[in-house]
Amino acid sequence: MRKIILASGSPRRKELLELADVPFEIVVSEVEETIGAYSSPSDIVMSLALQKASAVAENHSNQVVLGADTIVTYDSRILGKPSNEAEAKEMLRLLSGKTHEVYTGVAIISKEKTVTFYERTEVTFWGLTEEEIDVYVASKEPLDKAGSYGIQGKGSIFVQHIQGDYYSVVGLPIARLVRELKQFDSDVTHA
């Protein structure tokens, strides 16, 4: 597999690509993410992933560009990254003792084709105490994560059950992504 461009500065996405031995370089997308009138969370994450990948692909037309976006939903409410500690605590209270959905959308763009897909994973939290929430938010870990938790970090102790792709919750459905990238291998030029 030849080198792709990851249109993201996410350390988690970087780690997952490294884990799968996918050669890549990072070019962070500076696009202003806009959510239009979409019918579903899956449409939202695929659109945002496509916006990110398209913005980077404009200047890298001979490469394969990968964009991704993750959101958490509960009871038809979209939970993105919290804007502050109070919002992080509010999100964690909302998710406490309940099942929510995590959607990760992926867009892969080359000169020849564009592929978008998403994965949906259900995550159930144990009931959380106010002290657990306060200590976790004070760690700062949840402040840059959709839904205010990192399943691969300290937030892992909140997870009672998961149904679906764990790595999608982390930030990339890596097994499916590697399979999808195979159809682009001939489209990738050497860096």
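Placement of Cβ uses the backbone N, Cα and C atoms for every residue, glycine included.
According to Swiss-Prot, the features are:
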| type | residues | note |
| --- | --- | --- |
| ACT_SITE | D69 | active site, proton acceptor |
| SITE | R12 | site 'Important for substrate specificity' |
| SITE | T70 | site 'Important for substrate specificity' |
| SITE | Q152 | site 'Important for substrate specificity' |
Recorded sites listed as T70, Q152, least Cβ neighbours within 10 Å: Q152
Those recorded positions, out of D69, T70, Q152, that come within 10 angstroms of R12 (site 'Important for substrate specificity') at the Cα: Q152
Where R12 (site 'Important for substrate specificity') falls in three-state DSSP terms: helix
For D69 (active site, proton acceptor): DSSP state (helix, strand, coil): strand
Winner by Cβ contact number (other Cβ atoms within 10 Å) across the recorded positions R12, D69: D69
Conformational class of Q152 (site 'Important for substrate specificity') under the three-state DSSP mapping: coil
